[in-house]
């Protein structure tokens, strides 16, 4: 079985795949100071609850946008699963797609993994929107090449910034407002963030499609994707497992024939 690890800025997701079937998925706050032993004990306990054991894992793959986490994640794979991990972004890992950028080394591993999964699943041309710590828009052409995109502040990051930088604005949770015109502070904040991001999504999708010069299918992933997809026709598909499935695809592509 394959242990796939997606280490993001906010959370790190661990998933076990048996072929195409996902046998378990667990999430922890990303912390570069968390040791391999701490992660190993935690993960093995959760695997046991799903009927999985340490010996079931025979391969591992890591994608991380936080370089400081990679060492301990490597140690986790070596020490607890006796598996040298495949690490997305390293020269010996073939993604199977072109990266049409001036500085390919600057692209986050998660964005490339999403591009791989999106092209394999839906073909192109595509826009992939990932609602994470940042909200990213990534363009994949019909041949599967990663063409770049746009990066905006994440929804929760924007809400937190409003609270931290403004003396009278409270910390609020994102939600769909009942009205555009808020009659109190919290409804006004929810309207501004939620509907503002709907406008951001629609505006960027329109501009990207116009610049690309062809109709594009829009795939959304990340925890907030359903909340925003219900408010706009700009998003055609929600794919919760896009990043993890991308890791599965990349691992298979790098196996000996």
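The chain as shown is numbered from 1 upward.
Every residue gets a Cβ built from N, Cα and C, even glycine.
Feature annotations, courtesy of Swiss-Prot:
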- 6, 7, 8, 9, 10, 11, 12, 13, 133: ATP binding site (BINDING)
- 108, 109, 110, 111, 185: substrate binding site (BINDING)
- 110: active site, proton acceptor (ACT_SITE)
- 130: K(+) binding site (BINDING)
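Here the features listed in Swiss-Prot are placed on the structure.
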residue : record                 : Cβ within 10 Å
6       : ATP binding site       : 24
8       : ATP binding site       : 23
12      : ATP binding site       : 22
108     : substrate binding site : 22
109     : substrate binding site : 27
110     : substrate binding site : 27
111     : substrate binding site : 22
130     : K(+) binding site      : 26
133     : ATP binding site       : 18
185     : substrate binding site : 13
Helix, strand or coil for residue 8 (ATP binding site)? Use DSSP.
coil
Here the binding-site residues are 6, 10, 12, 130, 133, and the Cα closest to that of residue 111 (substrate binding site) is found at 130
Cβ-based neighbourhood (8 Å from the centroid) of the ATP site, residues 6, 7, 8, 9, 10, 11, 12, 13, 133 excluded
30, 65, 66, 110, 132
Name, in the order they occur in the sequence, the residues of the same chain whose CB lies under 8 A from the CB of residue 10 (ATP binding site) and which sit 6 or more residues away.
29, 30, 132, 133
Binding residues 108, 109, 110, 111, 185 (substrate) - maximum C-alpha distance in whole Å
38
